[in-house]
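Colleague: What TrEMBL records for this protein is below:
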BINDING   Thr43, Ser44, Val166  FAD binding site
BINDING   Tyr223, Arg278  D-dopa binding site
DOMAIN    5-324  domain 'FAD dependent oxidoreductase'
Amino acid sequence: MDAARVAVVGAGVIGLSTAVCISKVVSRCTITVIADKFTPDTTSDVAAGMLIPHAYPDTPILKQKQWFRETFDHLFALANSAEAGDAGVHLVSGWQIFQSIPTEEVPYWADVVLGFRKMTEAELKKFPRHMYGQAFTTLKCEGPAYLPWLEKRVKASGGQLLARRVEDLWDLQPSFDIVVNCSGLGSRQLAGDMEVFPIRGQVLQVQVPWVKHFIRDGSGLTYVYPGAFHVTLGGTRQQGDWNLSPDAEVSRDILSRCCALEPSLRGAHSVQEKVGLRPTRSGVRLQREFLDRNGRRLPVVHNYGHGAGGVSVHWGTALEAARLVGECVRALRAPAPKSKL
Ligand SMILES: Cc1cc2nc3c(=O)[nH]c(=O)nc-3n(C[C@H](O)[C@H](O)[C@H](O)COP(=O)(O)OP(=O)(O)OC[C@H]3O[C@@H](n4cnc5c(N)ncnc54)[C@H](O)[C@@H]3O)c2cc1C
């Protein structure tokens with residue numbers, strides 16, 4: 001068999017990282033990333049990109065931890081390289097604060113981030129309405145820089161990017177031997193999966209260069225995340241809401257909640273509003289299946305449904321999807337079983 005032709009549907013952080021991992025892990029294949037939206041127009045461009053895991057109720061914690069650790073290690077190496085600026089990846093330190101003692105004083109990811117510890121009384125003085133907090137250093141990975149960086153990696157490995165809407169995964173055969181579905185919310189249509197739904201998130205991007213530490217209110221609803229280009233203020237979690245237009249009333253509420261945590265934000269200027277729809281599911285669907293029609297077979301690897309934490313686990317899930325693609329390629333190359341007649 002010639003090189004296996006692999007189509008990756010989706011050009012958000014999941015599709016592009018999966019394409020890069022396939023090019024590293026699977027030998028003798030060609031890769032085409034197909035999507036109707038590329039950076040800067042994907043959900044992944046709106047994400048604040050903080051590496052703080054979000055819990056997937058249907059996925060074992062050990063698996064979630066493995067995905068997070070692999071992602072952290074990959075981005076930590078990138079943050080320590082000369083490519084850090086181009087890739088939009090950097091370390092950031094700060095606080096996660098609580099109004100009462102959380103049930104999980106030491107979360108499962110505490111030994112993956114750097115220097116995790118309980119906040120001191122002196123630190124907590126900054127947050128008079130909070131009684132408990134955790135301090136740590138993590139990474140921030142900014143979509144508008146990281147996605148173009150991933151696109152360059154795809155092209156450097158010989159892959160192609162194709163702007164096109166896919167109506168049905170089956171339409172990609174016979175041009176492709178294997179399809180990898182990283183279409184996020186698009187999987188409602190492409191995989192017929194009604195379990196995946198949007199959780200709308202609205203954020204503000206402001207110029208407040210004096211704010212250097214992240215602040216995350218324990219529930220994760222209100223946050224101040226400093227980045228290379230702006231500080232992201234969040235947020236909202238509006239379940240089932242498909243509206244991509246910013247809501248001025250919501251923006252006022254976000255600013256007021258964030259100012260309560262960091263009063264110096266009252267001096268914020270150049271406020272931009274952004275909205276994204278988190279492709280949510282009870283667990284990421286990372287699975288191989290075969291589509292069968294008219295006596296033909298198309299192997300499909302699914303990698304979607306990363307919800308509120310896709311950036312935090314993207315490299316781990318991309319590596320796992322790439323291994324599944326490797327299994328599909330080996331199966332295609334295996335000689336067909338001989339007839340016993
Ligand atoms: C406000 C906000 C803040 C966030 N902050 C964080 C954070 O700090 N940390 C974190 O880890 N996560 C965060 N997230 C979550 C993160 O953004 C998502 O988990 C992640 O972006 C999902 O990536 P994805 O590639 O699956 O989806 P997307 O980025 O939506 O990409 C889907 C791709 O599939 C393509 N596609 C879909 N259907 C079709 C079709 N029919 N034909 C062709 N192409 C198709 C789209 O065009 C697109 O290219 C945040 C999300 C939001 C909204």
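These residue numbers are counts, starting from 1, taken along the chain as shown.
Note: Cβ is positioned from N, Cα and C throughout, glycine not excepted.
Quick caveat, the model's predicted, so the values are computed rather than measured.
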Colleague: How would DSSP class Thr43 (FAD binding site) in three states?
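Modeller: Reduced to three states, the DSSP call for Thr43 (FAD binding site) is helix.
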Colleague: Counting across all protein chains shown, how many other Cβ atoms sit within 10 Å of the Cβ of Ser44 (FAD binding site)?
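Modeller: Around Ser44 (FAD binding site), other Cβ atoms within 10 Å: 30.
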Colleague: Using Cα coordinates, what distance in whole Å links Arg278 (D-dopa binding site) and Ser44 (FAD binding site)?
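Modeller: Just about 9 Å between their Cα atoms.
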Colleague: Output, ordered by sequence, the same-chain residues six or more apart from Tyr223 (D-dopa binding site) with a CB under 8 Å from its CB, or 'none'.
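Modeller: Sequence-distant Cβ neighbours: Ala48, Met50, Phe214, Ile215, Arg216, Asp217, Thr232, Leu233, Gly234, Gly235, Cys258.
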Colleague: Which binding-site residues among Thr43, Ser44, Val166, Tyr223 have CB under 6 Å of ligand 1?
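Modeller: Near the molecule: Thr43, Ser44, Val166.
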Colleague: Over the domain 'FAD dependent oxidoreductase' (5-324), what is the model's mean pLDDT?
Modeller: 96
Colleague: Whole number in angstrom, please: the longest C-alpha to C-alpha distance across Thr43, Ser44, Val166 for FAD.
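Modeller: 19 Å is the greatest Cα spacing among the residues binding FAD.
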Colleague: To see if you understand the setup: which same-chain residues, six or more apart in sequence, place their Cβ under 8 Å from that of Val166 (FAD binding site)?
Modeller: Val9, Ile34, Asp36, Leu172, Ser183, Gly186, Leu190
